[in-house]
């Protein structure tokens, strides 16, 4: 091993695009960045489709990006795995056991999930396939719909409602029970008041009632509320859950499923509570959630974090709340426990309704803490995530996103200044694009989703003369190991992108 240490700085949602129109990054004031891309070796990384273990053409996301970054290999993602296996769902032993308990208890089945073709947290066809299988067992099914508007256009929910209604129109035992914007039903930031609002509608039918989901959605549109933020409401004569019922979550991404599931199974209590013990998920969401899953996860070994730990080196993971799981759980390939000599720091995200109201988020606090830890000269590897470009980009507010980019630029400048004269090498990249495309010209509305654009890959303050090849996210870990002069394990099929001059 050499005396080099590495800081991997992940600029979440920072993509490259030659088109400056509606590009918050290109239009922002960022003198440090502009100088950095001229001064240091740079290339680009692919973040979508087959190159990250997703279906061809599927937009990448933060979970997928961090799994690939940390694993050093293309990891087959849950979306692909479920697409391959759901055709056999009627024979799935976990689902059959779930159904058996419902029938024994004379309960109904509650099925909930994000009704979206975004492919980030869910895929609507998975829900439809499971509904078909459940309906064949002659049990009553209540569907709880989470509305997207973030990985899909902000005003598109009625399209997906109509797809569902067309699919179930001949199924007399299936009814839409509630709808809720994902802002409430899929919070991950411990803003439990949001989760409780969704839970009360689902568990007790305690929300405004509509005869038709499309009417509820249109009412929200008329009030200027887009899909993501639609208040939970009850549909038709739905009257709530009972303890003998079953609950199935069709989201396959864990971070935004955890809070609502913990409320359903009673791990997070409310003033009034109904606990559904017969609960099942698509995947293993967390070691702290003890429920079965339809599609068990594969174990990923010899990730970057594990290799660092095996060499008895110290490492640090740091991010604000919104991205903390990404630099820990996801970066470690789905492992919740820390490795030996792995420190973790979570900086609270600001308590605001949406992050366009505070574009700087907690980047300054993250930066100050990182600088304190750099000065300790303790860590061989520091992994940090800046959430701003992604989280503010998701609001669709280009002016706020430009402010977020400027705030990030100031943070990068502080870190670069801090490592001058040290053995730290700063590796800058992103997990996917977002902030470089802020408007959907085709639909004439703000663009709030991720992009298919490549992301930057820059190496700063390295003592050797190099150039960088273009690559994929899975090539980042092998590149870092080369800088650290650590042999790449055989499980890592990515390659180092360094070419020595």
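Quick reminder: no glycine exception, Cβ is built from N, Cα and C everywhere.
According to Swiss-Prot, the features are:
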ACT_SITE  62  active site, phosphoserine intermediate
BINDING   12, 62, 431, 432  Mn(2+) 2 binding site
BINDING   121, 150, 151, 182, 188, 253, 254, 255, 256, 323  substrate binding site
BINDING   390, 394, 450  Mn(2+) 1 binding site
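Between the binding-site residues 12, 151, 390, 431, the minimum number of other C-beta atoms within 10 Å of a residue's C-beta occurs at 151. Note on the recorded positions 62, 254: the fewest other CB atoms within 10 A surround the CB of 254.
Secondary structure from DSSP puts residue 188 (substrate binding site) in coil. Note: the CA-CA distance between residue 431 (Mn(2+) 2 binding site) and the residue listed as 'active site, phosphoserine intermediate' rounds to 6 Å.
The most densely surrounded of the binding-site residues 188, 394, 450 is 450 (count of other Cβ atoms within 10 A of its Cβ). In this structure, 256 is the one among the binding-site residues 121, 256, 432 with the smallest number of other Cβ atoms inside 10 Å of its Cβ.
Taking only the Cα positions, the spacing between residue 254 (substrate binding site) and residue 432 (Mn(2+) 2 binding site) is 18 angstrom.
Considering only the recorded positions 62, 390, 394, 432, 450, residue 256 (substrate binding site) has 62 as its nearest partner by CA-CA distance. Taking Cα separation as the measure, residue 432 (Mn(2+) 2 binding site) is nearest to 62 of the recorded positions 62, 121, 151, 188, 394. Each residue contributes its Cα atom, and for residue 390 (Mn(2+) 1 binding site) and residue 12 (Mn(2+) 2 binding site) these two points are 5 Å apart. Look at residue 12 (Mn(2+) 2 binding site): DSSP puts it in coil. The binding-site residues near residue 12 (Mn(2+) 2 binding site), taking a 10 angstroms Cα-Cα threshold over the set 121, 151, 188, 394, amount to none. Looking at the residues that bind substrate per the record, 121, 150, 151, 182, 188, 253, 254, 255, 256, 323, the two CA atoms farthest apart are separated by 17 Å.
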